[in-house]
């Protein structure tokens, strides 16, 4: 997977004509076979849950990963609701927040952290204010989704544990984290 596979395929394509010529010169193929196979087309299918490859709507694996994230959120929500908890879900995606963003929309998350959109410096205050307002309006649970590559505007990582600490320290709200990792 990744750039190594694409680089190898490109190199193989570049060497194809010399390989065919060598086979012809050593008598392993005929002139007709060499002419018939003088050009090589390579087709690749991108397999990446991150959905971070240009030129494709959705990479293989993205839909399955998103399904797993939503499934986990669906399993967490009843517990969060009954215990009036906040849950911080950390999802994969390296430097691509696609999974976090779409999962945030589908699960109606209160806050989403994605690498492409580092939050403003006062994000902890805005997060806490949002959660307070939601609770004051009668909401019994909160969902916050953090992409694994999320950073602030200074390039510092934003992690599920870091977000949990802010919520617990500032709001004294019962908060749990779930890092999905490779189960998605």
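Every residue, even glycine, has its Cβ placed from backbone N, Cα and C.
Among 85, 140, the residue that Swiss-Prot places alongside 48, 49, 50, 92, 93, 94, 148, 176, 182, 183, 184 at the substrate binding site is 85.
Within the same chain, residues at least six positions away from residue 94 (substrate binding site) with a Cβ under 8 Å of its Cβ are 50, 52, 115, 148, 149. The number of other CB atoms found within 10 A of the CB of residue 48 (substrate binding site), across every protein chain shown, is 18. Within 10 Å of the C-beta of residue 183 (substrate binding site) we count 12 further C-beta atoms, all protein chains included. Summary: among the binding-site residues (4, 92), the fewest other C-beta atoms within 10 A of the C-beta are counted at 4.
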